[in-house]
Each structure stands twice: as C-alpha cells, then as structure tokens.
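Below you'll find the structure, written out as structure tokens, and then a few comments.
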Amino acid sequence: MTQSRLHAAQNALAKLHERRGNTFYPHFHLAPPAGWMNDPNGLIWFNDRYHAFYQHHPMSEHWGPMHWGHATSDDMIHWQHEPIALAPGDENDKDGCFSGSAVDDNGVLSLIYTGHVWLDGAGNDDAIREVQCLATSRDGIHFEKQGVILTPPEGIMHFRDPKVWREADTWWMVVGAKDPGNTGQILLYRGSSLREWTFDRVLAHADAGESYMWECPDFFSLGDQHYLMFSPQGMNAEGYSYRNRFQSGVIPGMWSPGRLFAQSGHFTELDNGHDFYAPQSFVAKDGRRIVIGWMDMWESPMPSKREGWAGCMTLARELSESNGKLLQRPVHEAESLRQQHQSISPRTISNKYVLQENAQAVEIQLQWALKNSDAEHYGLQLGAGMRLYIDNQSERLVLWRYYPHENLDGYRSIPLPQGDMLALRIFIDTSSVEVFINDGEAVMSSRIYPQPEERELSLYASHGVAVLQHGALWQLG
C-alpha cells in the first residue's frame, strides 16, 4: 500500500509540474518541483550528501495531507529533487506525515516524524491524534515505515515536530506540545534506542496566556550556551515585534543531560522580515551549525499558487555566537553562486541611481555612512514594490513591500545598530529578498512579487543626501 501511495503522489506531482509557471519560481532557493511546501524536515549530512526533506503536498498548490518531499545537495546551495520520501495513509499517519527530523543510526538514515490523524473531520484541531513515528532507509532515498515509537502524555493532544539528536551515548528528543490549559511547551525525552523513549521533563513552557502552542522545537549548543529554538503560536504583537501571524526564535540558556534548562535570556526572534517560520538546524560535514527556515508565513497571500506551486526555503545560514549574541550568516558555499561582478563606487546619492535595469538573481553588498547621511530615508529599491531603507527620523532599518494587486502591503523594521556604519548583504531572487545586517547581527527575509517588467534595481535618497562608502553587486546563477 505504501508503495502505491508514493507512486500516486509522484504521478500527481509530475502532472502538476507540467503546468507549473515560473513567474515567481526561484533561481537559487529550494522550492518544490510543484505543489505545496512548508516546514524543512530531516536536515542532515548523510552518505556524502546533504539531505533536505520538507512538508509537501504533491497533489495541489494548497496545504493538504502532508507528505515528505526530498532534495539532496553537495553544498547546501544547489539542490536536486529526489523521489517523495513519505506518504500518509497508514493507521498512525492516516491524515499526514507531519514535521520531524533525521539522524544517522549506525549507517541507517532514520526519519522521526509526527503521524497525524483527524478524529472529527479534517481541519478540526480540537479532535486529533498525534504520535511520533519512525521510518528508515539504507540508501537514503527509499524508506520503510517502522511504526509508532512515542505516544503523547495523558491529557495532551497536540504533540508534534520531534527533533532528535545524540549526546553522551543517549538519544534525546524534543517535541512541541500544547498542555491541557492551552499553553505551549517543549517536552524532553531520552532514548536507549530510537524505539524506546522515556519522558525526561518539560524543558520549557510559555507563561499562561502567552502562546497556545510551541511548534518545531530544536535544541543545540553553540559557544558557551544552549539554544532552544521554536515557533510559538498565539503571541500578541508588541510594538515593532511579533508582527507576523506566527513567530520563530530562540531562548538562550545552560543545560547538561539530567539538568534543568536554566534560561539566561528572553525569547528573541531569529528573523525580522515578513516570511520566516519553522527553522531547523543541523550540523554540516565540517561541524558548522546550520539553520534553514520556511520563507513564507501562514495565512499570507501566495501568488505563486496561480502557477501550481507554493513555498520555498531560506538560504542555508551558519550560526555562530559572539559576546552572547547569536549571529546568522549565509553559508560560505553561497559565494559559488556568484557570476558577473559589478563594483559600485563610493558616492553621494541625492535622488535615484540605477544599478540594474532588470535584476533577477543578485547579491548586493552596501556600506552606508550613517553619520554623514542626512536624507530622511535612503536605501535600495526593486521596482516600485520593494524598498530596504534607513529611516533617519525613526532611526530604523525598514523592509517595505507593496503589491496591492496581490493584497500585500506593509513593512518590518529593526532599530539601526549603534555606530557610524551600516553593512548590508542582500540576496534578491525571483520572489524573495534576504537581508543580512552587520555581518549577521540581524536578518530580514520576505517574499516579494514584482512582475517581470518591475525589476529595476536602484539606490535612492529622499530629502537630503546619503553617503555610500562601498558597494558591490554579483549576478547569481
């Protein structure tokens, strides 16, 4: 049965792929061949390849019964699509193979995922069953389901997104949950094998009324600290923060096996753009801690659905720690995308300075002299629909998008960093922009939807002058 369901899913995907349009399809980000994509799953280096699985609906560009899509890469940048890895339909995953993770268990690629069943009709979140399941593969392509390995504690129904790792000769698992009081929490388990698990403790939980569910947990050490990374649902916006439908971020602290997680800071968003959710981390072949997120947001318009697909991933980002602060930089492998180079000489800008008439896939580096720039706002624009600018009056860096025909309008912003200089590294793809600020101190990621004729890339300044100290641009391919 499983094979026939996989075969049917692959056939449906092939049919959808035949009619997929490319108006917004990315040049250098991982997106589904067709159909729907959301959370990254099972990110791992295995058998001399990077593997990225993901939540996938191959029958439609809309969310539906979740499969696990699959892609592989030798550099985390150039991805090759593989056959669909998991299809729902067995007793314990009848209505979805929800998110999870991957580990190498003595040469066996092991996927730990959530089996989801609707108990009272599809979409009724008040009546579900969620259990953790195992699927295994020796070749890294074809998987056999091994059944349920963990059931939820008494009184808990929402119980999903297992992230598994090995530490101190023990398997560990974090799972996102909603307690009976509708409060988000992360549960920690320890295992003698991938099939035998014991509850360790509630690793962390929301304050009452703060958020009702904590999804997609991850737990890892970096520098001198541990980071609990997760995606809370139900947080209220506070000023400029938490403006998206749902958030993703980290809590720092100290932990060792058998101990409490001693939090040393508050929840901080990982990305300050419009579109970032469900990040998952993994260890690269050389030991770097890498994170990839879903570059979309629940309940947002997704214009690419008109062309038979939806969803894409962020660039792979290397995490590092500096003075207790988490930094995110594009993996150095991203430089392999660079083709034609265009230097941007230092200049004073008082109106518009065109960089490219038709920017499809580019990397731009800009260094602004904040103290010497008196324009009310100045920065980079793509067509009339996307601006990344410094607002001198509010002293904030603003990422604004305006596509009224797509029902998309609004901005995200962060405080300008202290100091005289602002360094920006910007990746623009067909339908996305990712901005790395001051060598990874902050990141802003958003989907954008310019029409093909709306891709003029320019620098600009309004009501004053802006001083560019350094600039560079690369075509990417």
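The backbone N, Cα and C atoms fix where each Cβ goes, glycine too.
Annotated active site per Swiss-Prot: Asp39, in sequence order. Sequence annotations record features per position, and here Swiss-Prot assigns substrate binding site to Trp36, Met37, Asn38, Asp39, Gln55, Trp63, Phe98, Ser99, Arg160, Asp161, Glu215, Trp298 based on similarity to another entry.
Shown here: features listed in Swiss-Prot, placed on the structure.
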{"residue": "Trp36", "record": "substrate binding site", "Cβ within 10 Å": "26"}
{"residue": "Asn38", "record": "substrate binding site", "Cβ within 10 Å": "22"}
{"residue": "Asp39", "record": "active site", "Cβ within 10 Å": "25"}
{"residue": "Gln55", "record": "substrate binding site", "Cβ within 10 Å": "25"}
{"residue": "Phe98", "record": "substrate binding site", "Cβ within 10 Å": "23"}
{"residue": "Arg160", "record": "substrate binding site", "Cβ within 10 Å": "25"}
{"residue": "Glu215", "record": "substrate binding site", "Cβ within 10 Å": "24"}
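Reported as a whole number, the C-alpha separation between Phe98 (substrate binding site) and Asp39 (active site) equals 9 Å. Residues Trp36, Met37, Asn38, Asp39, Gln55, Trp63, Phe98, Ser99, Arg160, Asp161, Glu215, Trp298, recorded as contacting substrate, have a largest CA-CA distance of 20 Å.
Rounded to a whole number, the C-alpha distance linking Gln55 (substrate binding site) with Asp39 (active site) is 5 angstrom. Each residue contributes its Cα atom, and for Glu215 (substrate binding site) and Asp39 (active site) those atoms are 11 Å apart.
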